[in-house]
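Features reported for this protein in TrEMBL:
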{"type": "ACT_SITE", "residues": "CYS87", "note": "active site, glycyl thioester intermediate"}
{"type": "DOMAIN", "residues": "3-149", "note": "domain 'UBC core'"}
Amino acid sequence: MAQPTPRIIKETQNLAKDKVQGIDVTPDPQNFKHFFVIISGPPNTPYEGGVFDVELLLPDDYPMSPPKCVFNTKIYHPNIDNLGRICLDVLKDKWSPALQIRSILLSIQVLLSSPNPDDPLNNEAANLWKANEGQALMKAREYTQKYAKKH
C-alpha cells in the first residue's frame, strides 16, 4: 500500500494538534486518505444543536485535485443534495493546491451558516429558500431535529 505524502502527514498532524471549533476530524487508521468528520451545527442557524457526519476522501493526485466530501447525515440545505454531495466552489472550480483539508472543512462549516440558493444542488430546497426563507429554515430545523441529533 502507498505511503502518505509529507503534505498529508503534516495536514493530518495539524488537524489533530490545532483543532477547529465545532469540527472533529478522525483519520481512518486503515486508509490515510480517508477522514471521518463530525461537524456541529453552527449557532444561530437551523442546524444548531445538530451533529453532522461527513466523510472526506483525498484523491490520488491530492493536492492537485480537491478532496471529495459527502454528508452521511441527512440535511435540508440548498447546496447539499439528498445523496450528501456538496456544492461548494472550493471543491470544484475554485480549488487550489494551496488550500488544505482544514480550509475545506471551514468552508463547509461556513456553508451551513450561509446557504446559497443561487447555486443549488438541491433545487427543491433552493426554491423554497427563495420563495419562503422562513419555511425553508423551519424545514431545515426539522431535519436537524430528526436526523442530526447526538447519537
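Placement of Cβ uses the backbone N, Cα and C atoms for every residue, glycine included.
Just so it is clear, the model here is predicted, and its values are computed rather than measured.
Predicted-model confidence for the domain 'UBC core' (3-149) is 96, expressed as mean pLDDT. Mapped onto DSSP helix, strand and coil, the domain 'UBC core' (3-149) counts 52 helix, 32 strand, 63 coil.
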